[in-house]
Structures are given as C-alpha cells and as structure tokens.
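Undergrad: Per TrEMBL, the feature domain 'Methionyl/Leucyl tRNA synthetase' maps to 12-418. Among the features that TrEMBL reports, motif ''HIGH' region' is placed at 18-28. According to TrEMBL, the feature Zn(2+) binding site maps to Cys150, Cys153, Cys163, Cys166. Among the features that TrEMBL reports, motif ''KMSKS' region' is placed at 355-359. Here TrEMBL flags Ser358 as ATP binding site. The domain 'Methionyl-tRNA synthetase anticodon-binding' annotation in TrEMBL covers 429-529.
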Amino acid sequence: MSSSSSQSRHILTAPAWPYANGPRHIGHVSGFALPCDMFSRYQRMAGNQVLMVSGTDEHGTPIQVQADSEGVSPRELADRYNRVIAGDLQALGMSYDLFTRTTTRNHYAVVQEIFKGLYDNGYIFPKTTLGAISPSTGRTLPDRYIEGTCPICGYDGARGDQCDNCGNQLDPVDLINPRSRVNGEVPRFVETEHFMLDLPAFTDALGDYLRAKQGEWRPNVLKFSLNLLEDLQPRAISRDLDWGVPVPLEGWRDQPNKRLYVWFDAVVGYFSASVEWARRSGDPDAWRAWWQDPQALSYYFMGKDNIVFHSEIWPAMLLGYNGRGDKGGEPGSLGALNLPTEVVSSEFLTMEGRKFSSSRQVVIYVRDFLERYDVDALRYYIAVAGPENQDTDFTWQHFRERNNNELVAQWGNLVNRSLNMAAKEYGAIPEAGELTDADRALLERSRAAFDRVGGELGRSRFKNAVTEAFDVVREANGYLSAQEPWKTEDKTRKGTILHVALQVVDDAKTLLTPFLPKSSDKVHTMLGGEGVWAAMPEIREVDEEGGPSYPVVTGDYAVERARWEHRPIRPGTPLAKPKPLFAKLDASIVDEELARLEES
Ligand SMILES: [Zn+2]
C-alpha cells in the first residue's frame, strides 16, 4: 500500500459555513464544499483519521432584514434554510462527520469561551464609538434599520453595517444622509461602547505563521494574506444588534441590543462543531486529537471572498487565545489550539459568462440540478473544470460534453464492455493466463497511478488528480481496442485480456472514489464486492437535552471498505450483466437549460 510508510494522522477538514439565507447554488458548492469532500474522502482512504465539520452560519443583519421583510423571526428563517442547506449538502454526498448550525447552545458557549480567552489576554478592548438612536423613541436603532449612501461606492441603499453593493463593512455613522428604515427619521448619534479585536498585535505572529507556508499554500492565497499584514487595523467584534451571541461580560450579557458580530462567531464554528461532534460521539474530549496534537493537520476550504477570515482573522483569534501575540498571555481554559495547516481557496465559478446571482436569477440551485442530473456528473465537472486556480465558466454545453465524452464514453464504456463480455462468456471474473508485455504495461500503469493521483489529491490539486485517473481509463480503453478480445478464439487469451481489463476497472474505481463515490460504489457491487464501498452521509434529527430538534448531516464512514490501494481481483467471483453507470445527455438539455435562464 502506497501510504503504509506514513503513519495515520488526525486531519481536520473544514469547509466554510454557508449563510442560512437561501438555498445553495452550484457556484457556492464548487468552492467550499465539493473540493473539501474529495480531499476528505481521499484522506480517509489513505488511512488517516478525518474529522469533517461545519454547519450553517445563522446570525447577522442580512438574516434579520430578510426575516423582517417576510414577517417571520430570524430563528424561523434560519430554521428553514438550515434544513434546506443540510438537505442539499447531503444530496451532494458531502461526507460530514457533523454539519450543525451556529444557533446551538454549544456554539454560544464555545464562542464565549474564545471571547473570554482573548479578553483575558488583552487582545479585545472596548472602544467608544457613535451609535444610532431613534429620536422619537429614544431607543437604540440597530444597524439594519439604518440606511443611507455608501461613503465608498456611492450606492444609495447601504445598510448601517455593510454595503451590499461594494461589500465593504461600514459603521452607521459613516453613511451619508443616514435615515431610519422604520420611519424615515434621521437617527441621532450618541456615544456607545463596543469591543474591538486588536489585530495589529498579531502582525509579527501572523507574519511568522504565514511566511512558513511558502511553497505549501496556493501562491495566490499566500500572497493575498501576506499583503493584508501591511495594514492590520483593530476590527469591531460587537454590534448594535439583537440577533447573535451575547457578549459574555458583566453588564453586557443581558443587554438585548449588543451582540457579537456575526463573523466573530462564525469562524469559531469549526471548533464548536468539533466539540459538539465529540460530545455526540460519547467522548467529550475527543476533539482534542484534532485541535491540540501537534502532529494533527487542518485544512480549510472556501471561495476566495472568504480568505481573510481563514488566513488572518481566525489564526489571529487562535494566537490570541493561545497567548501568542505581542501582548503575550496564557492559553485559555481549554488549552492551546492548533492554527490552520492550510487555507485552500477556490476562485469563482461563473454561469454562461455571467456572475451567479440569486437576485437576478442567474443561478442553478443544487436541488434543481440534482433533480435533473446525476450527482457524480456535477462532482466530476467541478473536479475537472472547476475554479481551482482561476475563475472558470460553467456552461451547459461543456457540462453535456464532459458527461457524454468522458463519463459515458470513457469510464462508463470501459466498465460496461469489460463486465458485459466477462459476464456473458464466463459468468465470473476469469483467470489470467500468461501475461504479455501489453498486459503488464497496463497493469503497472494502473498500479503506479495510486501514488500519482494520491499525491495530487493530498495537495488539493483536483484537476490533475482526476485527469491522471482518467488517463488510466483511456489507456484501458485503448488496450481493449488493440487487443480485441471479442475477436479472439483462444479462450485462455480472451480470459486474460478481460481479467487485465477488470483489474484496471477495479483500480480505476478506487482512484475515482473521492470524485465519484456513488458510481464507484456501484462498480464495487458490479464486481461482486460486498458491503459499503463509499459511505454516504445521512440526515439525523438531534437536540440539546430537550431543546428544539434540528437536522445534522453525519455518517458512519468506518463501514467503508475503500482503501487507497491496488487490490487484486478474485477469479471466479460471479458477475451479472452490468447496468449503465451514467446517462447520456441529449443535445436538447442545453437549449432547455438556457431557456430556463432566459425566462427567469
Ligand atoms: Zn458601497
């Protein structure tokens, strides 16, 4: 086995937290989700102890604004989209150990613990700023109820905490011509206190951390992160807001209008979800193997708009909790926590030349996609043509071509014709006779692919990895065409050719499992394999000691038989006539999908 020389390690895999304000589209999941699942499935097959955790990000102004406009509570809105998103991610085959949410009591407690650790070490300080109150009621006017003109881009509908046009974070006092969304009055600004995270105190520690990643991280991610160090500013971590995690300090805890800023609580989610997973596993300390063992590794996956939170802010928070910034300090009560090993960021996917946009309906939601097409067709497309290193454009024409020319005509065809012939002529996997040079060359090529594909997957180079695996498939098809077993009268030779082809089918099924878990599982069964080859996630309803129930995505991946290794097939294993692995897509789907885009 190629990985037998390296010992089993604890690997945390952390896909970004989708925001619970709507269903996910394929642009989203091409960045944060599918690459993380491919990486995680490979690492489990290679014998490592993987913990994959995430959940829905449910606090913040946008959810409150949307809830207000629908006349529901933010909790009701979050409940709705938490369930929708969990369903989408489960349908994609995302092998989460735990996909939870940020509105759990566990998450609140862990966020407050991180806050306290940072505060006790002096990395959080209060600052007097100007906050808005309503002149007519005298009460605090939360950020979302203030709008005005963005001082940065001039957009007229900017909100008190953020401009949706240019994406910059704002303070209500920055807005030009601020007014209340409730009654149009001009808010009065009075002095109020908020908390700031002292990011400049981590400039040196973050610099040491990031410079050590030279040659390991994708160059664009590292360059972007190092550039941010040039000008780190203290960052507000509380807001005038009533939906979020309370500030855990005397005099603050019970203030209904002060909450931690959503970004502060969301990045803690990776850790709080690990703690929740441990408690649900029956060993409340089980998270420590992934967060405190110096040999443990952690990989965070996201779209490029989220790099700053993962390469700068979350590492700064961890450094501060550990007492490792300019002001020193002691680790918090849980002990020092590991920083990210790698921040793996994808670029953006566009759709038919346009930016994905839910509001302008340039979009294909995961659910709609999977109602019409095979999940493995999407996973394959994202692996081979996704936005790994540059922005890329999804087109229905390309999707159809990849599906038909590669999945159907190469992989599906290899599986189908080799199994079909063997089932028809032998009813079982035939014995191999004496091997020719051509037989040996193909078998060696296939075995050598484990190291090559595994090496690429271990470095999150999905396009190279899936292309290498498909090269084996193409060569096996070329081998069959050259050997022409259907013309061979010699039964021993024919059996040998089919044996060699089926061995490569078995190898390729393993090599393709991280990308195509569902179809690899089918091939495993077709080849007479027993049990579960690639486990699929499921949705379970859980609660917190009698609290409201909520769905989590989880799974029992220990039942998998998949190991990252060549496994000799067993002659005599009965074979049945195979069913097609993939469906060919008719040319009409392109026009149909484009018409759907135009309609909307
Ligand atoms: Zn703006």
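In case you wondered, yes, glycine gets a Cβ from its N, Cα and C as well.
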Undergrad: State the residues, same chain only, that lie 6 or more residues beyond the ends of the motif ''HIGH' region' (18-28) and have a CB under 8 A from a CB inside it; answer 'none' if no residue qualifies.
TA: 56-58, 60, 62-63, 66, 77-78, 81-82, 84-85, 88-89, 101, 303, 348-351, 356, 358, 363-367, 369, 378, 382, 394
Undergrad: Over the motif ''KMSKS' region' (355-359), what does the predicted model average in pLDDT?
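TA: Across the residues of the motif ''KMSKS' region' (355-359) the model's pLDDT averages 79 on the 0 to 100 scale.
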Undergrad: For the Zn(2+) site (Cys150, Cys153, Cys163, Cys166), what does the 8 A shell look like? I mean other same-chain residues with CB within 8 A of the CB centroid.
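TA: So the additional residues around the site are Pro151, Ile152, Gly154, Tyr155, Ala158, Asp164, Asn165, Gly167, Asn168, Leu170.
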Undergrad: So how many of the residues in the motif ''HIGH' region' (18-28) end up helix, strand or coil by DSSP?
TA: 3 helix, 2 strand, 6 coil
Undergrad: Determine, to the nearest whole angstrom, how far the Cα atom of Cys150 (Zn(2+) binding site) is from the Cα atom of the residue listed as 'ATP binding site'.
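TA: Cα of Cys150 (Zn(2+) binding site) to Cα of the residue listed as 'ATP binding site' measures 22 Å after rounding.
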Undergrad: Can you tell me the CA-to-CA distance separating Cys163 (Zn(2+) binding site) and the residue listed as 'ATP binding site', as a whole number of Å?
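TA: Computed Cα spacing between Cys163 (Zn(2+) binding site) and the residue listed as 'ATP binding site' is 17 Å.
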Undergrad: How many neighbouring Cβ atoms, not counting its own, are there within 10 Å of the Cβ of Cys163 (Zn(2+) binding site)?
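TA: The answer is 23.
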Undergrad: Please list the DSSP helix, strand and coil residue counts for the motif ''KMSKS' region' (355-359).
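TA: Reading the DSSP string over the motif ''KMSKS' region' (355-359) gives 0 helix, 2 strand, 3 coil.
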Undergrad: Give me the count of other Cβ atoms within 10 A of the Cβ belonging to Cys150 (Zn(2+) binding site).
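TA: Its Cβ has 22 other Cβ atoms within 10 Å.
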Undergrad: Using Cβ atoms only, which residues of the same chain lie under 8 Å from the residue listed as 'ATP binding site' while being at least 6 residues apart in sequence?
TA: Gly22, His25
